[in-house]
Every structure is written in C-alpha cells, then in structure tokens.
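What TrEMBL says about this protein:
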ACT_SITE  B:116  active site
ACT_SITE  B:258  active site
ACT_SITE  B:288  active site
DOMAIN    B:110-190  domain 'Beta-ketoacyl-[acyl-carrier-protein] synthase III N-terminal'
DOMAIN    B:242-331  domain 'Beta-ketoacyl-[acyl-carrier-protein] synthase III C-terminal'
REGION    B:259-263  region 'ACP-binding'
C-alpha cells in the first residue's frame, strides 16, 4: 500500500519529471533540489487534487520541502 | 456586452515602441550571481528592453501612439486612454501629457491603472465610450517603464520585467464589423493587493523626505501566489467570455494572453483548452511589460504573419490589485505592422 509519503513524492515527480527519485522529505525544494517556485505551486496543485482539499495561501507561500506538505496533510486530516 | 445591432468600436490601427537598449539574460544573471540558463529555464525569457535612466513611460507611450495613428492615416481622435502602473509621476495622470505631445491637446485623456490587466481594461472602457455614442474614436495605449520600479538586485523581479508600449486606434464601426470587442469581463480582488505591490510613494506610505532607494519603493512580488491566482483567474475569465461569445476553446485561432512568463502562458492555455501552439508568445523577446504586453504581442504576431483577418482572438490578463480581464474579438484587416518605434523623448515630441 502506498504511504502518504510515497503519494506526495509521486506528485513531486509528476510536476518535476527531471528530478532524481530518492530525495529526502527534508530536502529544500529551492536550495537542494533546485525546484523553482512555480514548480512548487504545480506540486501543491497536484497534492490538492489528489487529497481533495485547498491549501491556504500562507501554506503556498511558505512550503519549503516535502515534510512541510506532509505536516499540512496531517493537520488537514 | 454583445455585438448585437448597436454601434461597435473597431481597431483601425496599431503601433508599438521599445527602448533601444536590449539586455540579454547574461547581464542580469551576472548581476544576480545566477547561472546563465537560470532565467530562461524558469521564465522562458531570453532578453528584455530597458529604458534609459533619463527616459519615462510617456516617451514610450508617445512612440507607440504616434505609430498607431500613422498606421491608419493619422485620423482625428476624441480621447486618449493610457493604461499604465508606472506613470511619469504619481500626480497628475500621464495621459494628458502624452496627448499633448501627440498633437492632441484638448481631447479627453486619463490613465487607467489595472497593472498588467490595464490594456484590456482600457480597451473595454474605450469601446464602451464609443459604443455609447459620446465619442467617435480614441487612442488606447498600454505603456510601462516597469524597470524604473524594479530593484535590480531582486532575484524575483529583476529577471522578469521589461519596458515597452503598444497602442491601438479605435473608431466607430458598424454592427458585426471585425475588430470590435465582442465580449469582455473585468474583475478584481483587493484582499490580495500584497502579492504584487510597490508599497511606498503613495498616500499610505509617503515618499516625502524618504530616500527613493528604500526597499519599499520597489515592486514586490510573491511569485508562488501570483502564479496560482494568475492561472486561476485568467482561465475563469477566458471561459466566461468564450461562453458569452458562443465560442468553444477549439474555435480560438489565437490566445493573446498577458506575457507574464512562459510557464503561466502554458498553464493557462492548457487550463482553458487552447492548444499551446495557438498561444502567441513573445515573452522570450520582451519579458513582462505589464500593460504593454498584449499590444506588443499583437504587433509581434502580425510581423510574423500569424494574424489573419477573420481570426478569432481571445485576450486574457492578470495583474496587481489584483485584477484580471478577458475579451474576445475577430481580427480586422489592418496594414502590415511596422517594427516597434523608438521612444520619443519629451524635448523632441511632436
């Protein structure tokens, strides 16, 4: 069974296909993975569709890595 | 608004103006300490035109306005609308000076500030003024010296913006005549003003006695939220005007959207359902020129032979405020577009 982490990682790779799999939840999108800000929005839009909720604007502005997304998902569920 | 049997306002002429100084990505990247391909990979932008420090928005507006008027035999016009969020000064409006320098002293002239949505806003207002019967013709200009309010060392805004102007002449036309706005929508959400704002210089944060190079005097952009709301509102506004016009996405020959960056253009086209190859793109050559971007894109598309009389055009835009707008029209038969004119400095204006 896919964990939430697996599902989020898959959504990251869907938005940024050139990314090497195997990144860590704590890896910074901007500083470590070189994912630009508009790709972060695409990742978050993918997460919204998959998990059926809308991020707050504050979340969209401040998410730095996959762990931040997991924390918000836990808060929402 | 629908074409119906009422009088229409049709595009009779078009013009553009770009500063003479073109700045390639390499120069901006070096200043910001970024790899050479960083800007292109993230924005699709390759270069931008930057006005000289002694230049102003009105110089670009006069250049584009003059060319638009000349393109259709220099007709009499009854008003000048200038869409800009970078006026020559906060008071008074820049449009009267532009009108006077174009030899149009005496006509109605005012600025429209809807930021990057400004050209569609101004086109809609101008069309309504002519359709209402009070005016026969008008000049609509989108002109911006955005780089004058951009921090050259800000990694978020410095790569993205450029300067320029575009203009159209509108004249009264008959029912169903090509070149008239068929349907339009304009909207705003002031709760989101902070996502794209120049904080200082107005009455909220006053400029008197304050150095001009404080951070608050520069344009600030929250890129992630601008991207989210730009795609959302341009898509919804486009769907509204398509429904009002009775067109399906596949009926659109050209999507001429505000040239913010290539990613927003692609995402918006996909969300509306217009194939990417039907989206006019010139953000690679001129960057984001705010209210000037749609007429500059039209002139570029004409120069490349992509616009034909009878083509069904969808405009959409999103900008600070926040504001958004969309419109449809059928492209008229215009003379070939000239290459964008150079700015006209105030001293030599005609």
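Counting starts with 1 at the first residue shown.
Each Cβ is built from the backbone N, Cα and C atoms, and glycine gets one as well.
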Composition by DSSP (helix, strand, coil) of residues within the domain 'Beta-ketoacyl-[acyl-carrier-protein] synthase III C-terminal' (B:242-331): 39 helix, 22 strand, 29 coil
Averaged pLDDT, computed only over the residues in the region 'ACP-binding' (B:259-263): 92
Structural state of residue B:116 (active site), classified by DSSP into three states: helix
Within the domain 'Beta-ketoacyl-[acyl-carrier-protein] synthase III N-terminal' (B:110-190), residues counted as helix, strand or coil by DSSP: 22 helix, 31 strand, 28 coil
Distant-in-sequence Cβ neighbours of residue B:258 (active site), under 8 Å, six or more positions away: B:116, B:117, B:234, B:288, B:293, B:294, B:316, B:317, B:318, B:319
C-beta crowding around residue B:116 (active site), within 10 angstroms: 33
Cβ-Cβ neighbours of residue B:288 (active site) (radius 10 Å): 24
